[in-house]
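> Structure below; questions to follow.
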Amino acid sequence: MDISLQWIRDFTDIPSLPPAEISTRFTMATCEVEAVQEVGAYMEQVVASKVTDITAHPDADNLQIVTVDAGQAHHSVVCGAPNVHRGMLVPFAPVGTTLPGGFTLVPKKIRGVESQGMLCAEDELGLGTSHEGLLSLPEDTPPGTPLHSIYGVSRDVLLDIDNKSITHRPDLWGHFGMAREFAAVFNTPLQNPFTPEWCEELRQLGTGKAPVQLHVEEDSACKAYLGLSLSGIQISQSPQWMQQRLTNCGIRPINNIVDISNYVMLELGIPLHIFDRDHITDNTIRVERLKEEISFETLDGEIRSLKAGDTVVSDGEKPLVIAGIMGGANSGVTEDTETIFIEVANWKASEVRTTSARIGLRTDSSQRYEKSLDSQLLERTLLRTLELVRSQCPHAVVEGAIQKGGADLSTPYTPRVITVSTDKICAILGKEISRDHIAEILTKLDFSLKIEEDLFSITVPSYRATKDIECDADIIEEVGRIIGYDNIAPVPTYETIRPLRPATEIQFTRKLRDFLVLRGNLIETMTYPMIGRSLLEKADWHEKNESLTLKNALSRDHEIMRPSVVPSLLEMAGQNAKNFPRFSAFEIGRQYQNDKDNFSKEETVVTIALYDRNENRFIELRNLLEELIRYLAIPVTLNEPREKFPNALVHREWTGLHPYETLDIKTMGKNKGFLTTLHPLMARTFKIKGTLSMAVMSIQELQSLKPREKVRYTPLPKYPGSTFDCTLRTPHHTSADTVVRAVERLKIPHVISVKVADVFSLNDAEKAVTIQTSFLNPQGTLDHEFLETQQDKIVAELETAGFPLKV
């Protein structure tokens, strides 16, 4: 939004500082100024000049050499305008003038003849759109008179305000509200022309019954509505000073009545609409909600689709305006307009925003209504409009009194009062400020004060109470920004700092993550906690969590809070298996279960996935988990699954479990996790070519377990150890864990670990399992006879258990 400093100076005499300094100070105190632009300097350089002589150009039939009297000197200009004649007064731009668009005049030969400047059309000066000929100035204008003296327009400085920085300030969407801020920031008096006496004088112009009947439905989006009828209107061009201000602020001038409505909106921040009263059927204005969907043509010529429930302003038979957004094509002022109806209203911010977004039409009006405007300012806006209409239409007559409607105007306004002490203001800001200085600042910001000792009772202006000033913290902010935050010396605080110990769950999770990354060489992945129904069905997961479905999901793929991390793990594995022949990954994530007492039960789990396109990594996964259990020193075992003991993290009937390569993770007598090789049929469903081994464990359960013993330092072994590998023949259905348990039952001294080293198929009925037994004596070297004796004992025990050596 562009703010004109020239316009601001109508209300307060801000200091003659460099524009950049004004911009910086205003940015620090009120809102962000994105850019500063100086315009209109050429109006002081371009002067009225009288054509004294015209001769033909020697080398161009469509050009002439025009001699003009610019007051202090005569100049020769090459010109091609068809309307130039002797005695005509025209604008002359001398060499060095920078015209709108950034074009700077320099001495130049045109077809061999030097031109000492330029005679201008109105579009070249930003005073209109015509380029049919030179702009003709009034005949009584003395040559040499600057254009700014003729049109009352001079140079200006425009501040480009970032709209986002005033979203919470509906009072700053007009120049008068901005001027109040400038007065407070630069400590200059505010000149308020809109006094009660001024209001009363204009209010008395309209009395008696109005020709237009107003009806405002109670359930509409209208908070307040004011209307006034006038006749004797003459449509013409608005004054040049008004056109220039509108142009500088980015609005194209149209005619005096339309320009007045835009001018008042930019000045006071309240939008308004002016109807051609002859187009109002039955002289009736109704503010109502639509009963059915309609197509509506707006002033910009576009057809908009409105639905039932949208608020519109209608006459006796048709809608005329989309409330708070834009008028209809059949409601605007035309060249033939003689009677008008001025509408100044306030609409519910949320409804204007909703409708504007839905129909894809955001206007200057809707932007302001979205900010929650103040209904108490509507009458001032209407009276200012009336004042300008009467100044430009001398024969205008007010017909009837001001008509009013809407809930905000039916009950007296109750101002908001906030109390705050001087001590609190100083304590929060960290600066000593006198009571009188605080009172001066708040008064300049138009707050009404009652002071009892050091306690302020502050009455908030209505235009700051809609969504801005709500509590004492807001008042303190007002004081701080006007003083200047850069004027508050930074003071370090002195406080005893105690180190915070992370929560137990966080510490445990970090320890778990460190192990998987540093020892397991796994990569951590993160998947969405919301998944789609299609993924649950694809994974054949038993729980669908229908009661934990998001109402406004971003997509169907993220609409359900996942009942398990397993479907997400399978989807992740399927994606990565397309690109990598082998990968190792883990995730620490949450899954959710329906809970009738607390809506949902949240559980944090860790998942591990080992994939290889050619090898089975189930044994590797099992060994990794056993090493993790030893690392955490917790009482957890890996057991073969049994039907009568359910697993809290997976149903026994899940079709993704492998019939032979599945183990339960058991803690304190309960199964709180599992590891398995993904069933080939499920792997085919997710297009996983190869073998995926995976494990899922409950972190809460692991964390709740107390370590078996305190971790003690163990020095590196001084003496060498020994390993013994033996490969056995076992039935396909026999778990390798059974073979390991057979060796562990022997309780052979100096055995530090027994693990499965390899598993491979021999035929349809048998497989080979390689068991590795590790020996170590921390007190001495193991002799050969001891090792041979123990190895024979292991082989004999395995053969007795039905697992003969493979030969």
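Heads up, the Cβ atoms here are built off N, Cα and C, so glycines get one too.
Pasting the feature list from TrEMBL:
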type	residues	note
BINDING	Asp468, Asp474, Glu477, Glu478	Mg(2+) binding site
DOMAIN	40-148	domain 'TRNA-binding'
DOMAIN	413-490	domain 'B5'
DOMAIN	717-806	domain 'FDX-ACB'
> Note the Cβ centroid of Asp468, Asp474, Glu477, Glu478, the recorded Mg(2+) site, then list each other residue of that chain whose Cβ lies within 8 Å of it, in sequence.
Arg464, Ile469, Ala473, Ile475, Ile476
> Using a 10 Å radius around its CB, how many other CB atoms surround Asp468 (Mg(2+) binding site)?
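Taking every protein chain into account, the count is 19.
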> Return the residues near Asp474 (Mg(2+) binding site), defined as same-chain residues 6+ apart in sequence whose C-beta is under 8 angstroms from its C-beta, sorted by sequence, else 'none'.
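The answer is Ile418, Asp468.
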> Does DSSP put Asp468 (Mg(2+) binding site) in a helix, in a strand, or in coil?
coil
> Would you identify which of the binding-site residues Glu477, Glu478 has the most other C-beta atoms lying within 10 angstroms of its C-beta?
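Highest number of other Cβ atoms within 10 Å: Glu478.
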> With helix taken as DSSP H, G or I, strand as E or B and everything else coil, how many residues of the domain 'TRNA-binding' (40-148) land in each class?
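When I sort the residues of the domain 'TRNA-binding' (40-148) into the three classes, I find 9 helix, 42 strand, 58 coil.
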> On the DSSP side of things, how many residues of the domain 'B5' (413-490) fall into helix, strand and coil, could you say?
36 helix, 17 strand, 25 coil
